[in-house]
Amino acid sequence: MNFTTTTTRRRARAAALGLLATILAAPAAVIAAPASTAAPAAPAGASSVVGEVTQTMTYGGRTITVRMQPFALRGPDFEVLLQQADGSLVPQSVGAERGYLGSVDGDPTAVSTAIRRSDGVLEGTVTFDRGATWFFRDGDVYYTRGLTQPTTFKWPSSTTESRNVSTGAGQAGTTTYRWDIGYDLSYDWFTDPTVGSSVDVALDAVEAEVAEMAGLYIQDAMLRPALGRVIIRADATANPYADGTDLLGKVSDEWADNQADSNSDVVMLRSTPDSGGGVAWIGTAGSDWTGASVLGSYADPVVTRHEVGHNWSGRDNHTNGPEGPTVMSGNQFNRFDGTELSAIFRHRDYQQTHQATPPFTPLGTFDVPVPPYAALDLVDNVDARVSRRFRPLANDHDANGDKLTVLSVEPTSHLGGKVSVFNNAITYTGPHVAAADTIDWVKYVVRDATGKTATGVAIFRVDPYVAPPAASTWADVPVFANTKYELTNRQSDYLAAVKAESPATPGLVQRPTHNNFSKFRFTPTGTGTSYYVKNAGTGNCVGTDGALVVQQACDSSVGQRWRVAQHPKGGAALVNVGSGQCLTPKDDNMTIGAVLAQATCSLKLNHAWDVAVPAVSTWPAAAPADPTKQYQLRNGLSGLFAGLPAGSGGYEELVQRAKGIGARFSFTANGDGTWAIREVSTNQCVDGYGSSDAGTWSCHSGDNQKWKVLQHPAGGVALVNVDTGTCLAPAGDATTAGTLLVRRTCDGSPAVQWSPSVVTP
C-alpha cells in the first residue's frame, strides 16, 4: 500500500495549546547509534526475494524468522531540506523507499516493521501479543521491552472520570487514516557524534522511528503515519533552537509560521543536550500546534511513540494502567490500552468533524495483513453467582476489516468465576465476594479471517449477591400513554421486535433494526398500573403462549397486561401481570433473531430493558404543509393553541391560548428540509429567543428561525428548533391558558406534541 496522492491542507493556528507532558527516556540501549556508516555485505541470516525480506534472529532461547514486504513510510509531502547559513532550506537528494512491514513465521500475534539503513543494516522491531517487543539490527536482538506481561489488572482510576472508559462498540470504525509527521532536527542533534553531521544517518534515525510507530499506530489505532517534511539544521547560526529553551513553543511557532505548507499533523523536534526525557503538547494532532519535542541523541522510538501519543490526547498514566504499563502508562508495552485508545479515537473524530478541512486522510481498509486489536472490556455492576453475558467483539477491531471471532476464553477467572463462550458471547458467573466492587478478570483470544490472533482482557466489578425483593414490589416506571417506545435489552443491546419480513408470525424476537415493527405503544388497561403493549407495525398486543412471548389480537386478557417496573440493575423490567414473570430473550440468548420469552424475574441483566422514545434524529419528517393555507396548532397535553397574547402587535413571546386571531400560522419551506413558521396577523416569524424562549420576530435566515416539522411518536407533529435541537412546548408542561411557550428537550410527552389543522382565513 503506497501513497500516491497529494493533499493540500492549510489550517489556522489553534487557539488553545493544550497541556505539557513529560516522561522519562528509555534505556540508552534503545538509542545507541550505529557503529559504522559503511555499507556491509549482506548480513548473515538475512535473505530477500523479489522485494520480500526475511531475517532470522534468536533471543532467550527462541528463534524466529520475520518475513516482510516493502512498505511506504514516506507520505506525498516527503522531502529532506538542509538549512544553510543564510537560513534558506535546500532540498536534498535521498534514496528510494526502504521501509518494510510484515509478520513472524508461525506466530499469528506478531507484526514486524523495519528499514534498510543507508549502511545496509536491517533495523526494526518485532511486536508480539499485547506489546512485548524485540528491537533488532540484522540478526542481533540488541534490546527488548515488555516481555513480562502483568499478572494483575485493575479498573481504570483517573480522577477525570470521562477517561475511565474503554473503546466503545464500533468506535474504531473501519477506515484507516493517514497522518503526516514532520521532523525538525536541531543543529546540536545533527552534529552530535552519534549522527556525525551525516544526512544519511539522520534520515536512518527518523525513518526507523516512523517504522516502529507504523506497527503500533496502524494495528491499535488504525492511524498510518507518513513521513513528511524533514528539516536538518546544518548551520549553528541559523538554528532557531540554539538556546535550548521553550522548545515546544519555538517548534510550534516555526512550523505554524514558516512551514505551514508542509501539511504536517504532528511535528517532532530532535534536540540535545539529553535531558532524560521528552515533552509534548496534549491533544493537538491535526492542528498547527502539534510540536512534540523529544530530547536525546540519535533515535529513541520508545519515547517518541509516547510523546506522539500525547499529541493524540493520551495523558501520562492516562487511567493508571488498567492493562499494565502500556504506551501512555509506563511505556513498557508497545500497545495502547483500551482507555488510551478511546481518547485517541475521540480526538480523531473531533478533529475530522470540527475543522473546515478534515486533517487526516481516509485510506479505506488497510491492505497489509496485521493482527487484530482486542480491546479492554469493562463489565460493571456484576452480582456474584449471577451469570452475565457480554460480546467482547463489540469493541474489538481489525485494521484489515476482517470479521473477528472469539477463538477461546480462560475457563476460570482470576478469582475462580466460571467462564464460557458460545456464538462469540462470553458468559461469566462471578464467584462469592465479600466486598462491593471486587475486581476480577479473564483473558480471551480473538482471531481474524486470516488466522491472526490477539489476546484481550475483560475486567469485572463484582458485588456480593443479595437476593432481590419480589418483582411485585418493584417500583413502577412511568411511560406516556400511546407514545411509540423502543425496548432495548440491556444485555444483548438489541430491540424487541416483530419479524418485519413475516409480520403475521406470532413470535417476538430481538433485532438491531429500527422500524415500526420494533416500536410499541403502552395503553393503560384501567387495572392498577398495567398496560396493554401494542406493536406499532401490526397493532397486535404483546401476550404469552406458555413460556414464549408473542403478538396476539388484542383481547384484554390478563396475559396481555404488563407492568413497567424498575429493575434492580437499572432500566426497566416488563412484568406480565398474569404470570408475574419477566420479558427476556429465551435462554439468555444474545444473538440477533433470538425469540423472546418470559422467565422468573431475577437480577440477570437480560431481564432489564431500556424503555425509551426513539432518538429525535430517527423521527421522520411530517407531511409537507401547504404554504397557501393557514394552520392552528393544538397542544397534545393542554388542548390549547399556540399563539400571541390577545391584542399583541408582534415581537411577543408565544403562549398557549384559545384559538382565533393571533393563533394562526403559515409554513414556508426553506429548501433544506426546514420551515419558516409565520404568525399570520403580524407576518412575523416564530423565533428562538436566547437559549429556551420562543416568540415572534422579523423574519431572517438564522437557524433560530428554522424549524423541523417531525412526526411525534404519540401522533401529530413536533416542532424542533434547528438552532438548539429542542422542541416547542408549554413551560413546565403546564396546561393553563397564558403559559409561555419554550423550547425544551424533545421526548414522548404530549406536551411537545402538536396537531396542525387548516383554518379558513
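Using the three backbone atoms N, Cα and C, a Cβ is placed for every residue, glycine included.
Note: TrEMBL annotation is automatic and uncurated.
As given in TrEMBL:
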- 309-318: compositional bias 'Basic and acidic residues' (COMPBIAS)
- 483-612: domain 'Ricin B lectin' (DOMAIN)
- 629-757: domain 'Ricin B lectin' (DOMAIN)
- 309-328: region 'Disordered' (REGION)
- 1-32: signal peptide (SIGNAL)
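Packing against the region 'Disordered' (309-328) from elsewhere in the chain are residues 21-23, 130-131, 146, 149-150, 153-158, 163-164, 216, 221, 223, 266, 280-285, 290, 292, 334-340, 343-344, 346-348, 376, 457, 459: each is 6 or more residues past its ends and has a CB under 8 Å from a CB in it. Helix, strand and coil content of the compositional bias 'Basic and acidic residues' (309-318), in residues and according to DSSP, is 3 helix, 0 strand, 7 coil. With helix defined as DSSP H, G or I and strand as E or B, the domain 'Ricin B lectin' (629-757) counts 9 helix, 57 strand, 63 coil.
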